[in-house]
Amino acid sequence: MEGQLYLKTSETNLGVIRQLFLSATKPAIMAETMDPLAPSVNNSSLTPSLMNKLRMRFSSGSTPRPLGDGYVEFGEFRSQAPGIKKVGTFAGVFCPVVLSMFSALIFIRMGYLVGNAGTLVTLAQFGMAYLIVGFTVMSICAISTNGAVEGGGVYFMISRTLGPEFGGAIGTLFFFANVVSSALCISACTEALVENFGPNGYLVGDSPGLPNGEWYRFLYRSVLNTVGLSVSLAGASLFARTSLAIWVTMVVCLASAFLSFFITAPGNIERPATNQLVNITSFKYTGLSISTFYENLYPKYGRDYSTEDGDLVDFASVFGVLFTGVTGVMAGANMSGELKSPSRSIPLGTLTALLFTGLSYVALTFLTAATCSRDLLQNNYVYLLPINIWSPFIAVGMLTATFSAGLSNLIGASRVLEALAKDNIFGFILRPMVTRSGNPVLAVIMSWFLVQIGIISGSLNDIAQVNSVLFMTSYFAINLACLGLDLASAPNFRPTFKHFSWLTSLLGLVGCAALIFGLRPAYACGVALACCSLVVALHFLSPAASEPKWGSLSQALIFHQVRKYLLLLDPRREHVKFWRPQMLLLISSPRQAAPLIDFVNDQKKGGLFVLGHVRVGELDGSGDPLASEHKYWLKLIDHLKVKAFVELCLAESVRSGAAQLTRLAGLGAMKPDTVLLGFRDTATPKDFFRDPTSPYKTEQFDLDSGEIIFPTRTTVSTRISASEYVRILTDVLCVNKNLCLCRNFHTLDMAAVERRSSNLKFIDVWLVELLTPSREEAFSVRALFALQLAAVVRSARGWQHLRLRVHVVDATPLYADQYDSMESAVERSNPSLSPGRPVHERLEELLKLLRISATTHTVPEWPAIEDFGQWSEASYETGSTFSRVPKSYLQRVNAIIRNRCNDGTAVTFVQLPQPPKLPPRASNADESLCEQYLSVLDDFTKDLSPTILVRGLKSVTSTAL
C-alpha cells in the first residue's frame, strides 16, 4: 500500500468550477504580484520543527503586512508617498559624505598622523585607505545602479544581495559601526570644545572657561548627543538641507587653514593645557621650510598625550585613526531613503566627495609637514588653532565638522535599524522600530541610547580603532556581495555604472581582509566571530530567513557551480567501483508512505533521491495544474527532513506518467538507476500525518478551507488495474532500470531503529529465486544487487547496529543453462567461487571479497515445487507459469521467511520474480494474467516484516581496488 500508484481522478468539471471560483474571489492585490517587474515572493512556511518553533516564537505577535509594505527588492518600482520632499545629489550625498569623512580627522588629528608616521607613511596610509575605499565605492556604485534602492542604504544593498542571514548580520555590524562612529565624532567635538573653551582654552585665554575633568567631559558629550537626538527627531531631511550650510562653513574654515600656512609668521606655539605628558611649554612653528619637511619625512613614533597613561603610538594605531577619515563614504548611501534618485546620486555624489576629501588630505599633509616641527605635531593635535589667521575659524570648523559627522552617523544608524526592523530580521525585538510617519522615532532613540553608552570611553583614539575595524568589515561584505554577483553571472545584474569589474571587488575584498587581520588581529577575530554567530542565529531563528522575500546570492553561486560540475560529470566514465544508489520513488500519497520515504532517504547512501508523482489529466490552456501542488511537495521534503528532489508529472494515464518519470527524471549523469514502487494490495492505508502516535504527525497539509493535501486512498476501486501496474514494472525493466517493490513499510518504526530497540536485530537478504530456487542464484547479478542494497542500508547512520543475514538454498539448477545465465562478473574473476564447493563456503568467500560483514544461513527446509521439470524460461513467454504455482508452495515459503522475521528482522530483501511478458496491445486476458502474477507476490510476502522485492539488472559490486 505504501506509495502505491493509483488512479487520481482529475475531476475535470469540478476543477474548472473551482478555478472559476478562485479567479473570482482572488483579492485585487494579485494583480500586483503578476506584474512582471515585481519580484517573485516565496510565502512558504517551513516545517514546525524545534528551530521553526523557536523562529515562530521569535516572530510572535507579528501581523502580516500587505504586499508593498516594508522594504522591496531591487527593480521594484514604488510610488512616492505624497508630501515627502526628497533631496538631490549635492545636499543629499556630496555634503554628508564630505562632512562625515572630515569629521574628527581634518582639524583634530592631522598632527597626530604626520607627527608620528611622517609624511611618507601618512601618504602611503592614505593611499591604502583610499584604494580600499575606492574599490568599495565601485562596488557600491555597481549595486546601487543595478536597481531601485530603498532606505537602509548599504544594509539594503547587502541584504538584497547576500540574503537575510548574511545581510542581517552585516547590517547589524554596520549599525554598530555607525553608532561607534557617532560616539567617536561626539568625543572629538567635546575635545574641540574643551580645547577652545576649557581652562586656558584658545578662545578664552586666561579666563576659567568651561570646567574640565572626566565627568565634565562626559556631561558635554551627553549634551551634544542629546542635541543630535533633537535634530534627528526633527527629521533627516532637515539635516540634509542644513548640511549645505554646514559644508560651506567648513570649507571656509578649511580655506583659512590653508591660507594660514602661507601667511602666519614662524614662532613658538604654547603647549595645550590638556597635554600633561611633557613639561616643555612651547614648540616651534617654522613656516614653510624644506628642512622641516625633511625632518617630518620619515616615521618617528612617540606617545599619545590624549590617553591617560601616554600610550606608545605605532603604525596600527595611526592607521586606525586615519581610517576614520574615510569611513564617512557611506553617509550618502545611508541617506538613500531621502534621495530623489538614489541610483544616480549615490555614485556621482560619493565619487566627487572622495576626490574632494582626498585632495584636501594630501594638501594638508604636505603643508603640515613643511611648516610644523615634529615636537609640535606630537604634543599639540590642534595645532591649526594657534597658527590660524583667526582662531575662531578653526574652532567653528572643528565643532561643525565633528558635530555634523556625529549627527550624520546617528541618523544613518537609525535608518539601518529601521531597515532591519522592517525586514523582520529580528522579529518582535525590533518591531516597535517600524513607523509609518517617515521618521523612525524609536530607532533614533535606540541609536542615541547606544551612542550614549559608547561615549563613556573618553579616548578618541581608542574608539577610532573599533570604528575602523567595524567599517572595514562592512566594506569587506560590500565587495564580497558585488564579487559574488559578478561571478554568478546573474542575467539581472546589469549595473549602469561601467567602471566596475570583478577585479576591483576582489582587490577591495582582499585589501580589507589583509588590513583588518594584519593590523588588529584580535579585533578582527572578535568581529568575525560575532558576524558568524549572527549568521547562524539568524539562519535558525530569524523570521525573515524562514520566509525570504528576496533572492540570496548563495543560491545563484550554487546554481553556477552545480551547473559547471554537472557538465563535468560524464556518464561515459561511470565505473562500478563508485556506484551509489540513485533512487526514483514513485508514490501516490505521502500520507500513507511517510516511513517508506524516510527509509529510502537512508538507503540512497549519498546518492540521488527523487520523489515522483503522477497526476492523471491534461493541459487545458488555463495554466499549469501542478504549480499549486508543487509547493506542498517542497514543504513535505522539509517536514520529513529528507534530501530529495521532487518530480511531478501530468499524463493521460499513470503508466504513461511513470514511464516519463523513469526515463526523464534527473539531469545529465545524475539520473535514477533504480525505481521503487509501493505494493498493490488491498490493505487499508494509514494516515501518518493524522495519527497521534506517528512521528510524522503534522497539520500543515490540512488547510483551513477544509481541503486535504495528499489525500489517501479510500477504496479498492481507486487503485490502478493489475495490468497497468504490471506494465509499469515491465516498462521499468525495459529501459534497463533496477526495480524494487516495497511492501509492509507502514509497519516500519524508524524511531525504534534509531533508538536501537532490542526487538530489531537483523536485516535479512534472501538470495533465492522464488520459482527457480538454486544455489547458484546467490552469485547472480540480480542477487548481488539485492545484497548491495542491504549492505548500503546497514551502513547508513542509525542502522549500523543491525546484523546482516544472508539466506541461500542448496538446490541444484532446474535446467542446464540456468547457471550460465546467472554467472556474475565477480564469480568469473574468482575461481574460488566456482561450483563444486559447498554453497555456504562459496558465499562466505564472496562476502569476504566484497568486504560485507554478514552471516550466511542455508535453508534446508525450502520446499520443492511439484512437476519440477515444467519450470523453464519458456513458460514465462506464455504466461502460464503463475497460474500453475501451487498455493501450498507459496504459503510454505512465506512461513519460512516469516519465521526468520520473527527473530527481530527490521527489513527483508527478497528476489522479485520476473513479470510476465505482455503483448504490446492491451487485451482482456492481460488483467487475468497480471492478477495471477500479483497474487503470487501477495502470497509470497504476506505478513512479513517490511519487505523489498528486488529485480536487479546492473552489476553494482566490485572486488577491485
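The backbone N, Cα and C atoms fix where each Cβ goes, glycine too.
Whatever TrEMBL says is automated annotation, not expert-curated.
Per TrEMBL, the listed range annotated as transmembrane segment is 315-334 (candidates: 315-334, 415-434, 635-654). Ranges compared are 346-369, 730-753, and TrEMBL records transmembrane segment for 346-369. Ranking 244-263, 315-334, 389-412, 441-460, 466-488 by CB pairs under 8 A with the transmembrane segment (87-108) puts 315-334 at the top.
Long-range neighbours of the transmembrane segment (128-149) within the same chain, counting only residues 6 or more positions beyond its ends whose Cβ lies under 8 Å from a Cβ of the stretch, are 72-78, 156-157, 161, 319, 322-323, 325-326, 329-330, 333, 336, 342-344, 346-347, 350-351, 354, 358, 472, 475, 478-479, 481-483, 485, 492-497, 499-500, 504-505, 507-508, 511-512, 515. Sequence-distant neighbours of the transmembrane segment (441-460) (same chain, 6+ residues past either end, Cβ-Cβ under 8 Å): 104, 108-109, 175-176, 178-180, 182-184, 186-188, 191, 214, 217-218, 221-222, 225-226, 228-229, 232-233, 306-308, 406, 410-411, 413-415, 417-418, 421, 432-433, 435.
Proximity of the transmembrane segment (389-412) to the transmembrane segment (523-541) is not established, fewer than 3 Cβ-Cβ distances being under 8 Å for residue pairs spaced 6 or more apart.
Sequence-distant contacts of the transmembrane segment (500-517), counting only residues of its own chain at least 6 positions beyond either end whose CB sits under 8 Å from a CB of the stretch, comprise 128, 131-132, 134-136, 138-139, 141-142, 319, 469, 472-473, 475-476, 478-480, 482-483, 486-487, 523-525, 527.
Looking only at the domain 'SLC12A transporter C-terminal' (595-681), the predicted model's pLDDT averages out at 91.
Note: the stretches the transmembrane segment (346-369) and the transmembrane segment (523-541) are not in contact (fewer than 3 CB pairs below 8 A, sequence gap of 6 or more). The transmembrane segment (466-488) shares the most Cβ pairs under 8 Å with 170-194, out of the stretches 170-194, 244-263, 315-334, 523-541.
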